[in-house]
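As recorded in TrEMBL, the features of this protein are as follows:
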type: TRANSMEM; residues: A:20-39; note: transmembrane segment
type: DOMAIN; residues: A:20-442; note: domain 'DUF112'
type: TRANSMEM; residues: A:45-71; note: transmembrane segment
type: TRANSMEM; residues: A:111-130; note: transmembrane segment
type: TRANSMEM; residues: A:136-157; note: transmembrane segment
type: TRANSMEM; residues: A:169-186; note: transmembrane segment
type: TRANSMEM; residues: A:206-225; note: transmembrane segment
type: TRANSMEM; residues: A:323-346; note: transmembrane segment
type: TRANSMEM; residues: A:358-389; note: transmembrane segment
type: TRANSMEM; residues: A:401-430; note: transmembrane segment
type: TRANSMEM; residues: A:473-491; note: transmembrane segment
């Protein structure tokens, strides 16, 4: 019940004019970002962080703006999936399977309306899940000492590598690269410079915002250069019809939506698995449960409702570990974590105690934003369709330039811009080699904290390293970490989106 | 082959990282875990991870052809040059030129690329500097 009282307080925070306007702006921008192929939630949010930061927005409004973008992108991704058969972002990949056939049958309007409703259902119930599950997780996390935290960070990397990537070794490499980057700079505990090679610019370390924007946004520009002219929207068959879904269709999909919401939420809560996995699992389970006449893949409305409810529910679920433990469950929540860290707010159990207004204001804003998104996405969908027609050759230069503006705004240093380009090239090569980028980001974000908790734990026990497995809680976390890393090898490829062969795979936006 | 090279690069990087870590000075305070231990662990993980693709490489990635490589090198050069001249010539001019060049290489006809470059640059200047008050690089002419 406490949660409900806190939520009521949150609504008083969220219901100011400024916060409502920011939520509206975020939802609008988010839908566009989601709809445009090549811009997805993680790189969209990544570009906006430095801007929100340099504009001097306080924590709560900044977080409201960016999570609205995140939720909005989950809604927007479906538009190009349904109309163009090009997923607007990776989570919307599964929506192409039945959404595009529906559009070809002349049911584009119905598909868009139905998927809008499914998105709303998924996001709405997942936000309720967040309200009740996050405080529970916080009460567990309060028992954590440094040793448990170290195990928890390892767990996040292990499940991320095990579940969300195609090759465990490459995920481990990615994590090591990211953590390695985080060790550059003056060591905060001993006060000695590390890996700075006497370069003054490196004494403060490498700002993780530069790494994020470079790896996600700039590398995207390079991918577009390589595949010039491909994947451009043709405005041939974009007859929308009426954007409403008949009641009978919504009813027929109610089962699919509710199952997918639960599955998507669970997939989101799991550290290391994000919205893409949520929509994948929802679609494949729904296909097993209700595809009796082999209609899935030929424009079955349930095949549109399931992945959309699933990915929106996963987006809400992924916020649970990010807020309650400070360990993000997906690429985009990692980027949101970067935002919090840049504002000097450490997520985790203490956030709920010290800044309840931030947490609950954010959650209340999610409820409000979700309603805005539903209202925006059904009547205004034709507006977003028009935005889709902007070809990437105009869009990508603007994306690159806005990225530069954001990074320059943080530091005012052109050295950082060169580093940014370096990360862009590195991100491009890593993507080509099928090395996941999310562990790199997570490493640069969490490396510092991870090392701190390791050193504290061993220091408290006076140099005894066995303290790392010294409590049942820590042992449990380690067991789960090992399981999460190894089990996918044994269980096989079942829980992983089979996107390796699709063209979207390499350009895919992680989450 | 690409994966094998990548694995070797990871091993070399791990070696360099561990070597650099071994030359970190220790602080004045003696602590059970100094500033070197954690980098050693991370370097070891990187080296172990790098071994796998050497022995079990994935399929050859789909590398760009010569044209693609040139495009990417050119775009990288444009962006680095942009970073270099940004404070010399100011935001608006540098950005217009860089955006135009990128747009041109992405397939926009030259005239349209130039126009879109100017529009992008002026648009960002108006929205982010004049309306939102973000500080952008000022050149000799103040914009």
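Glycine too: its Cβ is placed from the backbone N, Cα and C atoms.
No curator has checked TrEMBL annotations; they are predicted automatically.
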Query raised in the report: Can we call the transmembrane segment (A:323-346) and the transmembrane segment (A:45-71) in contact, meaning three or more C-beta pairs below 8 angstroms at a sequence separation of 6+?
Result: yes
Query raised in the report: Do at least three CB pairs under 8 A connect the transmembrane segment (A:111-130) and the transmembrane segment (A:401-430), leaving out pairs fewer than 6 apart in sequence?
Result: no
Query raised in the report: Taking all residues of the domain 'DUF112' (A:20-442) together, what is their mean pLDDT?
Result: 86
Report task. Please work out whether the transmembrane segment (A:473-491) lies in contact with the transmembrane segment (A:20-39), by counting C-beta pairs under 8 angstroms that are 6 or more apart in sequence and asking whether there are at least 3. Result -> no
Query raised in the report: By a Cβ-Cβ criterion of under 8 Å, what residues six or more beyond either terminus of the transmembrane segment (A:358-389) are in contact with it?
Result: 6-7, 9-11, 13-15, 19-20, 23-24, 26-28, 30-32, 35-36, 59-60, 63-64, 67-68, 71-72, 75-76, 79-80, 83-84, 112-113, 116-117, 119-120, 123-124, 127, 130-131, 134, 233, 235, 238, 240, 243-244, 316, 323, 345, 351-352
Report summary line: Near the transmembrane segment (A:136-157) in space but 6 or more residues beyond its ends, with Cβ under 8 Å, are 171-172, 175, 271-272, 320-321, 324-325, 327-328, 348-349, 352, 439, 442-443, 446, 449-450, 452-454, 456-457, 460, 467-471, 473-474, 477-478, 480-481, 484
